[in-house]
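If you look up TrEMBL, you'll see 13-77 marked as domain 'PLC-beta PH'. Positions annotated as domain 'Phosphoinositide phospholipase C beta 1-4-like EF-hand' by TrEMBL: 89-135.
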């Protein structure tokens, strides 16, 4: 998993699966289990978000990991920027990703602008704008 796919790390509640909860209770105190669990959300966009949980040995370790992960994310991500900055970032990324013929591949455009939408819809929009040509498949 890459750094740009992780969105945040936050404190979590108790696991919903009874077997997992029982197993974790055997390894530590239940009252600190909630504080020792870290919930990490990740995904390529905010539409298709996935998550996983980490359980630390102590509350201090969990807090240090949570703060450390969020600190790294805060320094490496630009969350609240104007749309012009985002468009400039995408433009730079697309122009650096040209193929041997100095063209931007359709796959990259679809990947950039799909954001949870079906790829066919993005391809239709590109063809309506005249950017896709007569390519139907990626």
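Here the Cβ of each residue, glycine as well, is placed from N, Cα and C on the backbone.
Note that TrEMBL annotation is computational and uncurated.
Keep in mind that what you see is a predicted model, and the values were worked out from it rather than measured.
In the domain 'Phosphoinositide phospholipase C beta 1-4-like EF-hand' (89-135), the DSSP tally of helix, strand and coil residues is 27 helix, 0 strand, 20 coil. Mean model confidence of the domain 'Phosphoinositide phospholipase C beta 1-4-like EF-hand' (89-135) amounts to 76 (pLDDT, 0 to 100 scale).
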